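A.B. asks: Per TrEMBL, the features are:
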| type | residues | note |
| --- | --- | --- |
| TRANSMEM | 23-48 | transmembrane segment |
| DOMAIN | 39-287 | domain 'G-protein coupled receptors family 1 profile' |
| TRANSMEM | 60-84 | transmembrane segment |
| TRANSMEM | 96-118 | transmembrane segment |
| TRANSMEM | 138-158 | transmembrane segment |
| TRANSMEM | 195-218 | transmembrane segment |
| TRANSMEM | 238-257 | transmembrane segment |
| TRANSMEM | 269-289 | transmembrane segment |
Amino acid sequence: MRNHSAITAFIILGLTNDTQLEILIFVFLLVTYMLSVIRNLTIISLIFVDPHLKTAMYFFLQNFSFLEISFTTACVPTYLYIISSGDKMITINACFSQIFFIVLFGATEFFFLTVMSYDRYLAICKPLHYMSIMNSRVCRSLILSCWVSGFLIILPPFGLSVHLEFCDSFIDHFFCDASPILKNACSDTWFIEQLVIFCAVLTFIATLVCIVLSYIYVIRTVLRLPSAQERKKAFSTCSSHMIVVSITYGSCIFMYVKPSAKDEVAHNKGVSLLTTSIAPMLNPFVYTLRNKQVKQSFHGILKRLIFYSKK
C-alpha cells in the first residue's frame, strides 16, 4: 500500500476529551465487547457440538455470529488500546487496513441477512423441498457468495482511496472511517465519495428489497395457515431474524438522516457506537431469547457440565 503524502499517521480524536468520561467509555466498551464475543462464541460452540442444530438455519446463524465477532473486533479493541495507552497515533497503512475490514464485514453482513431471510422463506413457503434445496453444498456456496459480494462491492472505492495524499492528520471519530479519511485528503475526492455512496446504496437497497420480498411471501403463507398455533410457530422461527434486520437497517437509515452540520459528527459517532458495539452484543441475545432449540441446547450442555464437575 503506497502513499507518498508527507503525513504518515493519523490522530484518532475519539469520543471525548474528558478523561473521567473516557474511563466510563472504556469500561462500557470493554464490557459490551466481552459480552458480544462471549455470547457469539457460545452460539458458535452450541451449533458446533449439538447434533440437533445441524440445519441450514443454524449453519447461517453460526457464520453470522462469527461475522459479528469479526466486525466488533475490527472496531473496538483499537479504541480500547488508544484510551488505555493514551497513544492516539495510527499509521496510514493500519488505518486503511481497519477501514477495509470494517467495511468488508459491514457489507457482508447485509448479504448474510439476505441469505438468512431466503432460508426462512424456503423453510415456511417450500417446506417439502427445503431439505433438498438447502443442502450443505448450497449453504456453503451461499456463505461464500456473501463474502465475495462484500469484497467486490467495497473494492472499487477502496482501491481508489489508498492512492490519496493527505493534508490533515486528525480523525474526529473513535476508529478509522471513510468519511473523515476523505475529508483529510488534499486532492478532490468527489468521484470517490459518489462511488462510496453508490456502492452503499446499491448494497442497502438490493439486499433490503430481497429481504422485504422474502417476508412478504412468508407473511402471506403464514396467514393462510389454518390454526393460530401453527401461525404462531411459523412466526416464531422468523421473529429473531426480523428483529436483527430491523436493528441493522434501522441503524443505517438513522445514520443517513443527516442532522445539522453542527451535530453531524456527534450523530455519526453515536450511530457507529450502536452498530459496532451494542448491536453485536444484542443480536446473539435476541436469537437465544426467541429460539427454543438454542435455549434447550444451552441448558442441556450446562447441565452436563455441572454433572461432570460434581463427579
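Heads up, the Cβ atoms here are built off N, Cα and C, so glycines get one too.
Please treat TrEMBL annotations as automatic predictions, because they have not gone through curation.
A quick note: this is a predicted structure, and the numbers were derived from the prediction, not measured.
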A.B. asks: Please check if the transmembrane segment (269-289) comes into contact with the transmembrane segment (195-218), where contact means 3 or more CB pairs closer than 8 Å and the residues in each pair are separated by 6 or more positions.
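C.D. replies: No, the stretches stay apart by this measure.
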A.B. asks: Please indicate, using numbers and ranges, the residues of the same chain that are 6 or more beyond the transmembrane segment (138-158) and have a C-beta under 8 Å from a C-beta there.
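C.D. replies: Cβ under 8 Å, 6 or more out: 56, 59-60, 63, 96, 99-100, 103-105, 107-108, 110-112, 114-115, 118, 178, 192, 195-196, 199, 202-203.
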A.B. asks: Counting only residues 6+ away from its ends, which parts of the chain sit with a Cβ under 8 Å from the transmembrane segment (23-48)?
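C.D. replies: Answer is 15-16, 54, 58-59, 61-62, 65-66, 68-69, 72-73, 76-77, 79-80, 83-84, 277-278, 280-281, 283-285, 287-288, 294, 297-298, 301.
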A.B. asks: Are there residues at least 6 beyond the ends of the transmembrane segment (60-84) whose Cβ is under 8 Å from a Cβ of it, and what are they?
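C.D. replies: Same-chain contacts beyond the ends: 12, 14, 22-23, 25-26, 29-30, 32-33, 36-37, 40-41, 43-44, 47-48, 90, 98, 101-102, 105-106, 108-109, 112-113, 115-116, 119, 139, 142-143, 174-175, 272, 276-277, 280-281, 283-284, 287.
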